[in-house]
Amino acid sequence: KPLQPNKRDSEAEKKIGKIIIEARPDEVSAESSVRHVFEESAAPKTNDDDVTRGVKNDLNTIKETLALNNVPGEPYVLGLAGTLPYLATSISTVYLAWDLNTAWPTTSNFLNSILVSHETAAHWLHLLEPIQVGYGAVIISFLGAVHWGLEYAEQTPSRDRTRFRYGIGVIAPAIAWPTIFMPIHWALTSQFLSFTFLYFADSRATMKGWTPSWYGTYRFVLTAVVGAAIFISLVGRAKVGESRSHLTSTELQNLLHQKADGSEPYRNWAKEEEEERVRLKEKKKKEEEKKKAEEKKKAEEKKKGGKDDAKDSGKESEED
């Protein structure tokens, strides 16, 4: 019969109290009453096969997650295709940076076949700036518009969900648009932070059930690809030695015409033009000084001639 809560079993206590404790010295040793510092774990033992199997399961889970198996075909293909312009501009930036830091033409026929002149590389690097930054601004705005589309499709109202979605839809273009006016380094860095912010916002929406269940993982993979592309672009441009948004400074022009040892293998037309401008300016200044000196000399001669005429006329009047 089970005991009632908070009630004591008096009969059992009496029986236990009548038991006489007997001494058993043969069962007592120096270690029987001491707890060892190092002792075997009470957890069930596992062999190496179990550990290997667990690691494989974890790797398979990560593989399945990154493979985006749960993502529908259309957004999967279009999403990956949307990262191609970023990857193309990033790889092109690294190539052009390498070209600008390599003396051209080289002694290798193979390198000469894949490299272009420094002027051409700088020209193409200029063209990549508005392409990459403009495309990034469009994608950031699009990610905000996704939440507006999801909200328009809802049929049950929710104040928190509506505020979140409309807020993200407004914030996204607001932070994307100013980046097209920034210097290239600041623009790429700002867009990287924007993509990261939108990823965390999308993850929060997925956890709350405001997006499809696969959207959070989908956005993680695409954000990782875009973030890596932006990082590659920043590294490539850092190799060029830019400190401004455009490659039009005198320092960069000197860089384009200098070898690693500081010599100039090509004619520096900008330098020669500046020297010619200075030479013509000095020549013009000397001609003006010479002209002024001649005019001053003529004036003095004219003045001297007038005095001589006055003396001659005075002599003639005295003789009369």
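Just so you know, glycine gets a Cβ as well, placed from its N, Cα and C.
Among the features that TrEMBL reports, region 'Disordered' is placed at 27-54 (among others).
Residues or ranges marked as compositional bias 'Basic and acidic residues' by TrEMBL: 27-39 (among others).
Residues annotated as transmembrane segment in TrEMBL: 76-98 (among others). Sequence-distant neighbours of the transmembrane segment (76-98) (same chain, 6+ residues past either end, Cβ-Cβ under 8 Å): 68, 121-122, 124-125, 128, 131-132, 135-136, 139, 218, 222, 225-226, 229-230, 232-233, 235-237, 239-240.
What TrEMBL records for 133-152 (among others) is transmembrane segment.
The annotation transmembrane segment is assigned in TrEMBL to 164-188 (among others). Residues 129-130, 132-134, 136-138, 140-141, 143-145, 147-148, 150-151, 194, 197-198, 201, 205, 210, 230, 233-234, 237, 242, 244-245 of the same chain lie 6 or more positions beyond the ends of the transmembrane segment (164-188) yet place their CB under 8 Å from a CB of it.
Outside the transmembrane segment (217-236), and at least 6 residues removed from its termini, the chain residues within Cβ reach (under 8 Å) are 65-66, 68, 70-71, 75-76, 79-80, 82-83, 86-87, 89-91, 93-94, 96-98, 132, 136, 139, 185, 188-189, 191-192, 195-196, 198-199, 202-203. As annotated by TrEMBL, transmembrane segment applies to 217-236 (among others).
The region 'Disordered' annotation in TrEMBL covers 263-320 (among others).
TrEMBL lists 285-320 (among others) with the feature compositional bias 'Basic and acidic residues'.
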